[in-house]
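As annotated by Swiss-Prot, active site, nucleophile applies to CYS378, with the evidence given as sequence analysis. The active site feature in Swiss-Prot is assigned to HIS516, GLU518. Sequence annotations record features per position, and here Swiss-Prot assigns CTP binding site to SER13, ASP146, ILE147, GLU148, LYS186, THR187, LYS188, PRO189, THR190, GLN191, LYS222. The UTP binding site annotation in Swiss-Prot covers SER13, LYS186, THR187, LYS188, PRO189, THR190, GLN191, LYS222. According to Swiss-Prot, the feature ATP binding site maps to SER14, LEU15, GLY16, LYS17, GLY18, ILE19, ASP71, an assignment based on sequence analysis. Residues or ranges marked as Mg(2+) binding site by Swiss-Prot on the basis of sequence analysis: ASP71, GLU139. Under the heading L-glutamine binding site, Swiss-Prot lists GLY351, LEU379, GLY380, MET381, GLN382, GLU402, ARG469. Annotated domain 'Glutamine amidotransferase type-1' per Swiss-Prot: 290-543, in sequence order, evidence recorded as sequence analysis. The annotation region 'Amidoligase domain' is assigned in Swiss-Prot to 1-265.
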Amino acid sequence: MTKFVFVTGGVVSSLGKGIAAASLAALLETRGIRVTILKLDPYINVDPGTMNPFQHGEVFVTDDGAETDLDLGHYERFISTKMTRRNNFTTGQIYESVIRKERRGDYLGGTVQVIPHITDEIKLFIRNGVSDAQVAIVEIGGTVGDIESLPFLEAIRQMSVQLPHHDTCFIHLTLLPYISSAGELKTKPTQHSVKELREIGIQPDVLLCRSDRPLPLDERRKIALFTNVREESVISAIDVDNIYKIPALLHEQMLDEIVCHRLGILAKPANLTTWKKLIHALEHPEHEVSIALVGKYVDLTESYKSLSEALIHAGIHTRCKINIHYIDSENIERHGTGCLANMDAILVPGGFGKRGVEGKIMAISHARNHQIPYLGICLGMQLAVIEFARNCLQLENAHSTEFNPDTPYPVLGLITEWRDRRGQIEKRSPQTDLGGTMRLGGQECLLKPHTLARKIYGTDKIIERHRHRYEVNAEFIPQLEQAGLQVSGLSAAENLCEMIELPQSRHPWFVACQFHPEFTSTPRNGHPLFNDYVRAAISFADKSGHAKLRDHNMQKNVATDSTH
């Protein structure tokens, strides 16, 4: 039977419950325990697919085509278990399911209430999401005290009563603010947060105390005394410069051992060799490159979380320090491409809407004309096609029907029909609802021989995850190819254009894909596309002299530091 670890948060939001849950899962996995993670989101949206990235951050797409919370990306990057649509559910999904049952008459005419019907449905969704895992870590979104979270907290309280004593463990993540005028960490917010949790009926077994400095022993004892938690179970979760250091940080304080003891699990000792190698590679780079990420959501970098992590993973596997420069494409529209002058590579990610599109096209043109390594993802591929059509085919005003329905040269258009991996036909029209209706999840792509894409992947068949409505218009592909643009990947089912590139005789590294390779990158393995992209950036830096300039500046800084 599956055992459960419930992770809650207090004081403020965005403390890092997802990273804490993923780090604990990674530790348990190194001990030979089959583990999975669930994320419960209290918002009423059915999923985050239609939410503004500035409000929610990135939408992470699972292999089975679910649009989920970005925390599921952290889960997949930290453990080997692949997430599915069952690993993330929202208040919207719970109410939708309960109302559907009520309409069918499943409740036999009874009055449908939050307790027991909503809480029972939450418990059912949790049990359905654990699969065959020995331990399921369940992260409750939001903050203790939020009205929206109450049904979820009540549901997990009920589970702790209904399951055997050693089958549940509660971890509460809280904040210890440092007051500089007093010169101390303040424990009162943590005490009140735990008090509120206990009023609901939940007693934490472990406290993770987030702070910017180590937790003094006296303060640890004080917290333990006032929250009814054992002293060794009050864990100091200090800020680190890289999230991949957190498993080792928590292991040093025996979090995995405490949880195993609470759950009555006998497991082999944790083996952090792989994690230590990753950290060593991160901290001892042999190269350094600057990559321009040209987007429209750059004011909230969480919107590109998987992408930035994939670049870091590539840095690990190429022994390269990656400096990501987030550049607003609207600034390029206003001020030109001067901000790209010292970049070693340019990347245009996915996105929706017309705002900032012309700035991205200008960045792509700059990369193509100046032989700078370019990687386009989703919209980044579509705009590369538009840029090529306008400037190499001389198709003035070529565009996507997403941005200009009346364009004389619709080089991209709405996908109206495709076959998913289950073999089912999906159909769409401009009148279709926006939520959950894109081409989503893992799709098979066939790579053409003698292409850079085929060389990078080392195989002729790949599966990558998609999230888009628009595709390259097949009517224009012969013209594009005749002008020198190479279609290097096609979908196996419909022959849709999935990858494009410029021959290396015309450009050293210009590759774009319709899918999202960042969703399958992990720190352990990286991703072949990002790894090769960073190698191309290193080569460009060496040839352009950027690498020598950085080495000179680094040596100058070291010399300056030694004189002080």
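Numbers run from 1 along the shown chain.
Backbone N, Cα and C define each Cβ position, glycine as well.
Structure coloured by features recorded in Swiss-Prot.
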residue: SER13; record: CTP binding site; DSSP (3 states): coil
residue: ILE19; record: ATP binding site; DSSP (3 states): helix
residue: LYS186; record: CTP binding site; DSSP (3 states): coil
residue: GLN191; record: UTP binding site; DSSP (3 states): helix
residue: GLN382; record: L-glutamine binding site; DSSP (3 states): helix
residue: GLU402; record: L-glutamine binding site; DSSP (3 states): coil
residue: ARG469; record: L-glutamine binding site; DSSP (3 states): coil
residue: HIS516; record: active site; DSSP (3 states): coil
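Nearest Cα neighbour of LYS17 (ATP binding site) among the listed recorded positions (GLY351, ARG469, GLU518): GLU518. Within 10 Å of the C-beta of ILE147 (CTP binding site) we count 8 further C-beta atoms, all protein chains included.
Under the three-state DSSP scheme, ILE147 (CTP binding site) falls in the helix class.
Same-chain residues at least 6 positions away in sequence with a Cβ under 8 Å from that of ILE19 (ATP binding site) are, in sequence order, HIS74, ILE243, ILE246. Taking the C-alpha positions, the distance from THR190 (CTP binding site) to CYS378 (active site, nucleophile) comes to 43 Å. Cα proximity to GLN191 (UTP binding site) (within 10 Å) is found for none of the binding-site residues SER13, LEU15, GLY18, GLY351, GLY380, MET381.
GLU139 (Mg(2+) binding site) has GLY18 nearby among the recorded positions GLY18, GLU402, HIS516, counting only those with a Cα within 10 angstroms of its own Cα. Put simply, of the binding-site residues GLY18, ASP71, LYS188, LYS222, the one whose Cα is nearest the Cα of MET381 (L-glutamine binding site) is ASP71. Of all Cβ atoms in the shown protein chains, 11 besides its own fall within 10 Å of the Cβ of SER13 (CTP binding site).
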